[in-house]
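Student: According to Swiss-Prot, the record shows the following:
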DOMAIN    16-87  domain 'KRAB'
ZN_FING   185-212  zinc finger
ZN_FING   213-235  zinc finger
ZN_FING   241-263  zinc finger
ZN_FING   269-291  zinc finger
ZN_FING   297-319  zinc finger
ZN_FING   325-347  zinc finger
ZN_FING   353-375  zinc finger
ZN_FING   381-403  zinc finger
ZN_FING   409-431  zinc finger
ZN_FING   437-459  zinc finger
ZN_FING   465-487  zinc finger
ZN_FING   493-515  zinc finger
Amino acid sequence: MAKRPGPPGSREMGLLTFRDIAIEFSLEEWQCLDCAQRNLYRDVMLENYRNLVSLGIAVSKPDLITCLEQNKESQNIKRNEMVAKHPVTRSHFTQDLQPEQGIKDSLQKVIPRTYGKCGHEKLQFKKCCKSVGEYEVHKGGYSEVNQCLSTTQNKIFQTHKYVKVFGKFSNSNRDKTRYTGNKHFKCNKYGKSFCMLSHLNQHQVIHTREKSYKCKECGKSFNCSSNHTTHKIIHTGEKPYRCEECGKAFSWSANLTRHKRTHTGEKPYTCEECGQAFRRSSALTNHKRIHTGERPYKCEECGKAFSVSSTLTDHKRIHTGEKPCRCEECGKAFSWSSNLTRHKRIHTREKPYACEECGQAFSLSSNLMRHRRIHTGEKPYTCEECGQDFRRSSALTIHKRIHTGERPYKCEECGKVFSLSSTLTDHKRIHTGERPYKCEECGKAFSLSSTLTDHKRIHTGERPYTCEECGKAFNCSSTLMQHKRIHTGEKPYKCEECEQAFKWHSSLAKHKIIHTGEKPYKCE
C-alpha cells in the first residue's frame, strides 16, 4: 500500500490501524486477570477505538470491539478474535488529520507505551500508564520506529504478568513488556497515586460524585460503565455462568468461582489470628471482627451495633415489621430466611438432626442441642434468686416469674393473667369450647394435650408416677402431688370465709356450699 508524504521537512509517515494500538493476551495470561482487570481491559479497548474514530481516522469496527460492545465475556473470545479477522481499513496521517494538541492528547490515552519524541516534531508520544521513566527515541522518520522499539526493549520494566502489546506502526513487531507497579498518576486532592491514567480518572469520580452511567430500568446511577453493565443483569435475569459439576447458573463469573469452592473444598482465605480458613474473602473480613471486636454497622433506630451488614439488615426488620420471606405452602411470612427454612420442615416433616445417643431426630439443631442435655445432665442456666438449674434458657425465664410475680399474658375475654403464653392458649379453649386433642381408643376429646396423655393411661394401665413414701403408683403427676399431701399434711386450699384449710381443691369447693347455701344436686 502506498504511503502519503507528510508536511515539508518530515519523513514518510506510517499507517495507523486499530491493530497497532490493540492489546493481546494469551489464554494463560487472560486467566490470571481478575474480574476488575478484565473490565478495565474492556473499557480501555473501547476507549482506544473511540479515540481513533474521534480523530477522524476511517477505521472499520473490528470483531473484538463488536464483542466488547455486546458485553461478550472476554475469556470466551478466541485469540483470533482478539485481532480483527480481516485487516481494518487503513488511513494515512495527513496534514488535516494532525491537529497538534488533539493528536497528542488522544495518543496519550491510545498508545500504551512511551516514547520521547520520534519523527515529526508535532507528533510527540507522551508518557502513559504503561511506561516508567523517560525514554530517548532516535530522531528521524517513522521508518525508524522499529529501531526505537528495539532500543528500548532492554529498558522495559518488570512485572509478574506478561502483557503482549502490538508494535506501534508495525504489524510485524510485537514485543513483551513488563510493568513495575510504579505509580505516576497522582490525585491532586488526596495525593493517592495510580499506575494507570484510567484508574486515576475512575478514582476522581469519587470526589466529584459524578455518576454518568444510568440504568434505564430503575434509574440507578454508577461511576463506572463496568458496574453499570454488571447491574443490568439484575433486570435481565441472565445467568451465563454455569457450574459444570452441578449445573447451577450464576449472573457473575466471580460468583461461579466462589461456588466452585463448594465442590473443591478450597478455602484460600486464612485468619492469621486463629488459622481458620474461609472460601470467601468477605467471610474472612467478617471473621476478623471477632478478634478485633469491631462492630461498624449501627442501627439508627436503637443504636445496636453489628459486625456484619447482613445482620443489621435482618435486625432492622424488627423495627419495620417487614416479613419478606413467605411460605409457598401456607402463605405464612417471616422476617428472616432462616425462620422460613425451619418452618418448611413442618410441611416436609424433615428432621435432619439426629441424636447419636438414642437416635431421636429433630427438625432444628437447637432442639437437638437441648435434647443432648438429657443424656449429659447438663443444666447451664441457673436462677440467681434460688440457685435452681435448668436445661433451657426459656425454662429459666419462666421460672423467674415465680420470684417476680410477672404475668404478662392476659385473656381478653375474662381478664385473667398468666405467666406462660402456652397457658393462656390453653385457657382460651375454655371460652371457645375447642377440644383439639382426641383419643384414638374411645374418641373422647380434650382441650389440653397433657389431659389426653393422662387419659391414654386409662387404656394402657400405665402408672409412671410412684409415691416415694408408700410406693403407691398413679397415672397422673397431679394425682401423685395430691396424694403426697396425705403424708405431708399440707393443706394449701383455704376458705376465705372461715379460714378452714383443705388438702384438695375439690374439698374446698364442696365446703363453700355451706356458706353460700347452694344446693346444686336435685332429685330427678
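The backbone N, Cα and C atoms fix where each Cβ goes, glycine too.
Walk me through the surroundings of each of these features.
Tutor: The average per-residue pLDDT of the prediction over the domain 'KRAB' (16-87) is 60, rounded to a whole number.
For the zinc finger (241-263), the residues of the chain that approach it from at least six positions outside its boundaries are 35, 73, 230, 233-234, 279-280, judged by C-beta separation under 8 angstroms.
Beyond the ends of the zinc finger (269-291), by six or more residues, the same chain brings 258, 261-262, 307-308 to within a C-beta distance below 8 angstroms of the stretch.
Remote same-chain residues near the zinc finger (297-319) are listed as 286, 289-290, 335-336 (criterion: CB distance under 8 Å, separation of at least six residues from the stretch ends).
Proximity of distant same-chain residues to the zinc finger (353-375), defined by a Cβ-Cβ separation under 8 Å and at least 6 residues beyond the stretch ends, is recorded for 342, 345-346, 391-392.
Each residue of the zinc finger (381-403) gets a DSSP state, and the totals for helix, strand and coil are 11 helix, 4 strand, 8 coil.
Tertiary proximity for the zinc finger (409-431) is limited to same-chain residues at least six positions away from its ends with a CB under 8 Å from its CB atoms, namely 398, 401-402, 447-448.
Beyond its flanks by at least six residues, the zinc finger (437-459) meets 426, 429-430, 475-476, 478 of its own chain at Cβ-Cβ distances under 8 Å.
Applying DSSP to the zinc finger (465-487) sorts its residues as follows: 11 helix, 4 strand, 8 coil.
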Student: Please identify the stretch among 325-347, 381-403, 493-515 with the greatest number of Cβ pairs below 8 Å relative to the zinc finger (465-487).
Tutor: 493-515
Student: Given a Cβ distance threshold of under 8 angstroms, which distant residues of the chain, six or more beyond its ends, lie next to the zinc finger (493-515)?
Tutor: 482, 485-486
Student: Looking only at the zinc finger (437-459), how are its residues distributed among DSSP helix, strand and coil?
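Tutor: DSSP classes over the zinc finger (437-459) add up to 11 helix, 4 strand, 8 coil.
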